[in-house]
Amino acid sequence: MELKGVHQQNGTSNGTGAVGAEGESAPPTAPATAEAAASLETTTEKVDAEQQKPERTNWGNGLEFLMSCISVSVGLGNVWRFPFTAYENGGGAFLIPYIIVLFLIGKPMYYLEMIMGQFTSQGTVKIWSVVPGFVGVGYGQAFATICIITYYSSLLALTLYYLFVSFQSVLPWSYCWEEWMNCVDSRPQEDTDALLLSSSNVTNVTALTDTVKLQSSSELYFLNVVIKEKMDISDGIGDPDWKLTLALFVSWVVIFLVIMRGVKSSGKAAYFLALFPYVVLFILLVRAVTLEGARDGIIFFLEPQWGELLNPTVWKNAVVQCFFSLAVGSGPIIMFASYNRFDHGIYRDAMIVTTLDTLTSLLGGITIFAILGNLAHNLQIENIRDVVRSGTGLAFISYPDAISKFQAVPQLFSVLFFFMLFVLGIGSIVALQSTIVTILCDQFKSWKYWKVALATSICGFLMGLVYVTPGGQWILTLVDFYGGTYVVFILAIFELAGIVWIYGMQNFCDDVEFMCNRRVSLYWRVCWSFFTPVMMIVIFIYSMVTIEPITYSEQFFPEAGNVAGWLLFGIGAAQFPLWWMWYISQHREGSLGQSFVASLRPSDKWGPANPETKRQWVIFKNEKAAQRATKKQSSKLGAFWQKLGHFCGSNT
């Protein structure tokens, strides 16, 4: 039986039959009962008041949405973070827990967030009309998103700085400066005659070899020239560097220009933000695999350390990387999907993005470790582990060091590499920043989108200044650990629990069937209701039990830093109970216990945003409920006659 008019959005309708995940037709719906009619009448009165609401802007076409999801999910996490994470957690063996985590946590969470955004046409806060008491999940995710935005933008500033200086005739990090007495050139050995070093300085460096640890010019350039690193922040973090401040400002100008008109502007930019990095990545891949030593680097990356599979930390890091890479749990996926038409085919998009994300991570890892293999070959270092650095050091020390050793036009490859990183970073921050702007515009309908985008961009720039100080990398490490990773993780657990355990798996699956015209397969049901939440809870508990004080450059943070970090985590995590208590205090229904129970029931605002679609949804839900009631009654009646038959048979 067709569900005519079910998918009406923006004045159009899609009256296709409900088709299962394996192509089977949905069961025929029973006629609407009197109870359903009464419910429909009540809902009609409620949605009539919504008729005057301005309709939500939609993507220009479905491809813009797909490109936007690719631009945020296929980002810095694939090229910068994944290779090092894989290398640290068993190399090729890490791919096994990562792929398992992807299928049991990553894909289910990604698809669920797409569904929630598209079904409600609301951002990460407003979707919680499904379980109003859980609105703090949305606000907590917004807090974590703000934390991530601030330090992500500082990485953009560093990338832009390196991009600008890459246009010089000689890469500035490729040679030693006179004051660096413990320096070794990053340029190829045959180019040393072109270095701006005096013979006395070279002699001094040679004399120091046995007593002082030598450092590459790329490392000293990053630490002493670019970030002017402080090794101790007990006396403060210092003042912002003017060059990095300028780069930070330019980065935020670009971000604002991309998001100023919402999806109308960011959707067009998404084509470039999503596709251009692949062009550069393939160019770098072709160049990288032809370098001497590239094979050793790739083998080092892919060679499995099977013993690591039994290490719980590896599984924890696989989950963290999956969240970081796919951008789930922080709001962008919900936000992007909220601008879709109600009947958009998100199942296909979710599968494309999550698969492409994994393939890109592998591609990025092979490319990067091929380059690092060449670096080890040029330095005559057998263990590639000795040339690999973590964190920002991987992007701004190891990579530049390797690129400076390219024999042919290293400036070109440097420009391509850092421009690719800049584009990847812009794609990620555009999504994160748009999430915050959408939350504010959903809450305050009269606010102009571009004004909110401008105000939040200014705030983002001002907050980002703390990271371009000499002690900025300390703050980045602290905020990422306490304000980003763990806050996102614990709130993602509550997000999943609120939808599938409190709202209910059956209710949620009915909503998906209504919107997508396809039944929810057993795989999704089992993951959402059991595997995904249980695995996340176990891993979070393990992380909390085994947590250790964080370090930067092998140095522990001062006590005040750890206190500030836990305070940051507390602010993010506390959004959940605080907003729950606030909701109960503002919506009292009888006793405290009754108000508590009421906070777990969907509010009148829950459902499709389009009034006509909402009417059809209520009819569909009531028909589904009637079908289940009839089936249950028939089942009981059948059991009764079966027992009666057995009884009569036993007495004859």
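Backbone N, Cα and C atoms are what each Cβ position is placed from, and that goes for glycine too.
Residues or ranges marked as compositional bias 'Polar residues' by Swiss-Prot: 7-16. Marked as compositional bias 'Low complexity' by Swiss-Prot: 21-42. According to Swiss-Prot, the feature compositional bias 'Basic and acidic residues' maps to 43-54. Summarising the annotation, Swiss-Prot assigns N-linked glycosylation site to N201, N204. Residues or ranges marked as region 'Disordered' by Swiss-Prot: 1-54. Taken from Swiss-Prot, the feature topological domain 'Cytoplasmic' covers 1-58. Per Swiss-Prot, the feature transmembrane segment maps to 59-79, 92-112, 130-150, 240-260, 269-289, 318-338, 352-372, 412-432, 458-478, 485-505, 527-547, 564-584 (among others); the stated evidence is sequence analysis.
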*Averaged over the topological domain 'Cytoplasmic' (1-58), what pLDDT does the prediction give?*
44
*asked:* Below 8 Å between Cβ atoms, which of the listed ranges 318-338, 412-432, 485-505, 564-584 makes the most pairs with the transmembrane segment (458-478)?
replied: 564-584
_With pairs fewer than 6 apart in sequence excluded, do the transmembrane segment (92-112) and the transmembrane segment (412-432) have three or more C-beta pairs that lie under 8 Å?_
no
*Answer with yes or no whether the transmembrane segment (485-505) touches the transmembrane segment (527-547) by the criterion of at least three Cβ pairs under 8 A, sequence separation 6 or more.*
yes
*At least three Cβ pairs under 8 Å linking the transmembrane segment (485-505) and the transmembrane segment (130-150), pairs spaced 6 or more in sequence?*
yes
*Which of 59-79, 130-150, 318-338, 564-584 has the most Cβ pairs closer than 8 Å to the transmembrane segment (269-289)?*
59-79
*Same-chain residues near the transmembrane segment (130-150), Cβ under 8 Å, at least 6 residues beyond its ends*: 116, 120, 123-124, 329-332, 429, 432-433, 435-436, 439, 460, 463-464, 466-467, 479-480, 483-484, 487-488, 491, 494-495, 498-499, 502-503, 568, 571-580, 583-584, 587, 596, 599-603, 606
_Checking distant contacts: for the transmembrane segment (564-584), what same-chain residues at least six beyond its ends satisfy Cβ-Cβ under 8 A?_
132-137, 139-140, 143-144, 147, 478-479, 481-483, 486-487, 490-491, 494, 550, 557, 592, 595-596, 599
